[in-house]
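Sequence annotations record features per position, and here Swiss-Prot assigns active site, proton donor to Tyr55. The NADP(+) binding site feature in Swiss-Prot is assigned to 20-24, Asp50, 166-167, Gln190, 216-221, 270-280; the stated evidence is similarity to another entry. Feature annotation from Swiss-Prot assigns substrate binding site to His117. The feature site 'Lowers pKa of active site Tyr' is assigned by Swiss-Prot to Lys84, with similarity to another entry given as support.
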Amino acid sequence: MDPKSQRVKFNDGHFIPVLGFGTYAPEEVPKSEALEATKFAIEVGFRHVDSAHLYQNEEQVGQAIRSKIADGTVKREDIFYTSKLWCNSLQPELVRPALEKSLQNLQLDYVDLYIIHSPVSLKPGNKFVPKDESGKLIFDSVDLCHTWEALEKCKDAGLTKSIGVSNFNHKQLEKILNKPGLKYKPVCNQVECHPYLNQSKLLEFCKSHDIVLVAYAALGAQLLSEWVNSNNPVLLEDPVLCAIAKKHKQTPALVALRYQVQRGVVVLAKSFNKKRIKENMQVFDFELTPEDMKAIDGLNRNTRYYDFQQGIGHPEYPFSEEY
């Protein structure tokens, strides 16, 4: 990590800010909140914004970015913006149109990072979550290597600066890395990662291949969305985390974010609350000791909040593997 600019270098030479602003919110949250929160995040210093076609807020997020460029707060090149290819567009011929649709919604010329949202391909069409009469997901069958080739073409066309994946296990990453004629390696793998699911083996694997691990749900998951397993314990109430926070006069959330930064993980902080958005920027103002890091490592219990159980049974369901 380059501490001065707080950025990490990708294997393709581009840089990603280590702290990102997450924009996912449950459907009942008005989209206008994404607009206001993203503007505020940029005002207080966030330079990395993470969204996705699935979140259905790219118009608002794009508007926020453009308004902060228009008022002189930032230039386009100061902002690192990530979008994601949703599961119903993994067929190679659907990849570029999906990215172009995101760009159209954003009203931007390019994204900085475009990633495959999940390896679980779903039936193409206008439904994000296509289901049959019995309510089961309708799967599609796609060779992810072919999807990857379509992403490589998007990079060559200048629609995205970098390309990566999300929710891939190490075997799925290996499949891409070992692909004959591979032009570009994935720059990152964005996965759920927090002290209860610290992904140490996947992190080690990614580091050995010069792939950056990006953490979502870094504070656990408070959202009662259809993707969340709600029987899990609340991460931010963990006594060890709370004790370390108290010692440093920080919040448990900041300790959880700082933990990732010190492991070389790029971390997304999702909040639409102005006080917390501002607070999350303080992750660079303190340092955890080696003892703190070891204690937090010891909290791992392989608890997955986003286990995407509807995807079980798909040949590419990623979470049956250990990592």
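Yeah, the Cβs are placed from backbone N, Cα and C, and that goes for glycine too.
These numbers come from a predicted model, not from an experiment.
Where Swiss-Prot records a feature, it is marked here on the structure.
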residue : record                               : CB count, 10 Å
Gly20   : NADP(+) binding site                 : 27
Tyr24   : NADP(+) binding site                 : 19
Tyr55   : active site, proton donor            : 20
Lys84   : site 'Lowers pKa of active site Tyr' : 26
His117  : substrate binding site               : 20
Gln190  : NADP(+) binding site                 : 26
Leu219  : NADP(+) binding site                 : 26
Ser271  : NADP(+) binding site                 : 18
Lys275  : NADP(+) binding site                 : 8
Glu279  : NADP(+) binding site                 : 18
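Taking the Cα of Tyr24 (NADP(+) binding site) as the reference point, the closest of the recorded positions Tyr55, Lys84, His117 is Tyr55.
Spacing of His117 (substrate binding site) relative to Lys84 (site 'Lowers pKa of active site Tyr') is 5 Å (Cα to Cα, whole number). A separation of roughly 10 Å, to the nearest angstrom, links the Cα atoms of Tyr55 (active site, proton donor) and Lys84 (site 'Lowers pKa of active site Tyr'). The DSSP secondary structure for Gln190 (NADP(+) binding site) is strand. Under the three-state DSSP scheme, Gly20 (NADP(+) binding site) falls in the strand class. Comparing Leu219 (NADP(+) binding site) with Lys84 (site 'Lowers pKa of active site Tyr'), their Cα atoms are 21 Å apart once rounded. Look at Leu219 (NADP(+) binding site): DSSP puts it in coil. According to DSSP, Tyr55 (active site, proton donor) sits within a helical segment.
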